[in-house]
């Protein structure tokens, strides 16, 4: 056993016997890991000797190593000035002179008291060995050893130093002489000692005889191989009995035992932490005091260790003595060169036990291991943030200090860290030494290359425990975790806004400062970021050095060329496992995958809405804050995003840099070009899980999903209306503000959006780029083409949940829903009238404004809306592009054709809930409903009369103006309405396309056919609420209602007679003018009304269209049929209020009422019989009144 008296008799073991020596040149050849290993071994050896009581006192070399100093970092003059106990050249050879006997006694008192040796039983509390009952023989043997050790002392003549061995003394003497007898044959280097020469030879030995079977790595020495093998093995045979900890080597266990056994007598008063050595305590205290005694003379920066200062000085000197033979790159440290060499060899000897991942450096493995643990022992006193590493805490503290010591000499920009300055310098030099073998992309740093390689390998070692998402980098995982925790450690001092990343805070601060440090000398334009400056430089530079060999196209950037090459290769390396779709880039695949997962990790705290990307969430938040930091210098308009400002500027410049290869059309935005390209392809990769509908774009699918969700997050503060999208809310707000910033230079019309202006301009240019492949019809917009295609396919994707009705447009569904809800959110500020749609309100406002901006160049007529002008122009052009396949009838509008088709199909999809009546058009149903509600929203400002339809009001206004703009070219007759002119023209053509299936009669108008059909069916849908009488026409009901009200608004200017309807007044006027425009072709007789001519014609034809269903009798007029039917029913609907007698005809009732109005009959008879003049008078009255009733 070591430490027994027997072992001491064999001779004193000294620290010199177990010390390893290196010359300054050899020390510099060691890398950091080897230097650290040397320190650990030296300290371990000393502790073992001290534990056994053999080390008399601490050597100066151990003191240096404990303080973290390098053996060769002290200057020559500093060493000479030391006390005489130290040799300035080779301090490791010496032991300071002291009382060796006294030292041994101290060892005995301190160590053997705890040892429990049977021969050295010391009583506790004894001050010296003599006071204790010690076995005399054992103590004498110790004294003999002491004497033996003292006899082996050799002294240096120059520095009066003491040696315990002649070998050490002889070696020390050779060093003073400076004689170097051992010369290297490979180089000019020579050495004092043969051992140093042998060690030096290892540099030139190419063969490495010791090979590791695990990883095939080779080594010069078997001892190095043995140490290396421990990396691969998990075996730890040496276990500590005190704490249970296991070790691979016995020496490590021995060192560990000292830690367990040795009392930590050096305690820190600040935090209570205890240490084995006073030197360790001294270093530790600097954490609390912040003491940095080692100062750099160049820049004034101070350090806590001299070794750190020595490394720092190389930044100023630029010294890089260690050069890589592979690539020629030089380094300031051998350890950095050793790490660098692994880039070329690909060696990764350090493996993680947790996940099996291998690393090229032990430090990288140590950093990696932290990812598996959640412990964060290093806490910041400023903000309480905790860190896993001390180095990260140190870097973090710079944020609070705001100190920027490292300044760029080129542009003057300062940085917190030297590494950031080094990275920054590459901007000026453009150096990128690390190149990817896969794609040829170059990088400034090897670490950047390593990160880049993961894109090709798809390796994602860092996984989130919360959601399972994996990342390429630990830093990305750290940032991702903040999504779950909600942590925002970086706070803006200006506005208090907090951020998850320091980089985002830095960018945010620029909003407050407005600083643009990166300026381009060519045009003087300044930028906030260096990246933006680099991109801008390409605009000025015409150079395109990267050329495609396939097509000859040149590019400014190599990455763009790489992306371009994929077009020729057709290669899509990144495939989706869900749907099989392939992509050119991994980023595109990642974006695509979210479609399948539907994951939305980023949630808005204000409204709860979730987003796929953090950037989208940031943009969304500006809706709540209203922040718009980007302002246009031309018009002053502000935007929330720089990209939106860039797009906006193109309105002023007219720039359209993005061109379509298919059709040559140019666009101002790349996104618009991308959307345009879809018009050339039929692919629809995005499918809705709810209704199986497919879409060309992900954004359209996202918008579509809102229909199913019914969610309306965006609410208007003015009127409370909610919307599915923020864009819809923005559009809605213009109703309240009335703002229209985009004006048409052609006609002066203003619009809310630039896109609306662009659409409007096509009216002037008549451009129609979107063509239907089915029928060849062209459209201004792709959306119009999409809707048009549904005519051919019959597709109706938008279904009403209330009644099940389907629609081809979402807007039509939205309008339809208001039938069920009755909601009218759009209110006119002028008159208080409410509307279901914003478009209806916009049209309504024109009534108050009275403004007519759109003027016809042909006839000078002006209109409120451009659509009305467009409709009007067709009168002059007579163009009717929409033709019916059934009857060949042509129409101006496709919508009119659609309505017309329902005549042939008899489709009536719109049903009235009150009476069950169905209509082919929703507008007809809306008009019909007003019969039940009595609503008359359209009021005449002249006479105050109200109407249920705007068209009726328009027609009514002509009464006051007398205007008749629509003139017949055949006969010169003018009309107030275009529809009346159309009806009139049929008189000249004789065309009757509408035929009755019951009797075969044909009509020139569909409305006439509808009225005629009611003769056969007997349908009378229009009922009077006053008396219950029903009518087959709404006009008859309107006329009838006037009986109850007594109102006669239409007055004849000639005789003052008033009439219920305008048509009756027109008929009456012909009495004064004697005009008879309707002439019979058979006999030449003329009539003042067309209806009278129709009835007259039946005299020639003998036609009796009105047939009785009971007896088959036919009549020329409907009124005659109505009277006849009463014979069969026996119905007597007309009752006398005076006597209660009922009649089957209203005319008989009218005659009957006269009985009650005349003088009583009997007294009149008496007076008539009496004779005389009075009797003759009474006789006349009876003859004229009573007798016709009696006979």
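Any Cβ shown, glycine's included, is placed from N, Cα and C.
The feature zinc finger, as given by Swiss-Prot for the ranges 294-316, 1168-1190, sits at 294-316.
Feature zinc finger, per Swiss-Prot, maps to range 938-960 of the set 110-132, 938-960. With a cut-off of 8 Å between Cβ atoms, the residues of this chain six or more beyond the zinc finger (434-456) that come close are 340, 343, 423, 426, 472-473, 558-559, 562, 586.
Spatially, the zinc finger (770-792) is not adjacent to the zinc finger (1106-1128); fewer than three Cβ-Cβ distances between them are under 8 Å for residues at least 6 apart in sequence. The list of residues near the zinc finger (1106-1128) in space but at least 6 beyond its ends in sequence, with Cβ under 8 angstroms from a Cβ of it, reads 999, 1015, 1095, 1098, 1144-1145.
For the zinc finger (658-680), the residues of the chain that approach it from at least six positions outside its boundaries are 647, 650-651, 696-697, 769-770, 782, 785, judged by C-beta separation under 8 angstroms. The zinc finger (885-904) scores a mean pLDDT of 72 in the predicted structure.
Within the zinc finger (770-792), the DSSP-based counts of helix, strand and coil residues read 11 helix, 4 strand, 8 coil. Each residue in the zinc finger (434-456) gets a DSSP state, and the totals come to 11 helix, 4 strand, 8 coil.
The helix, strand and coil residue counts that DSSP assigns across the zinc finger (602-624) are 11 helix, 4 strand, 8 coil.
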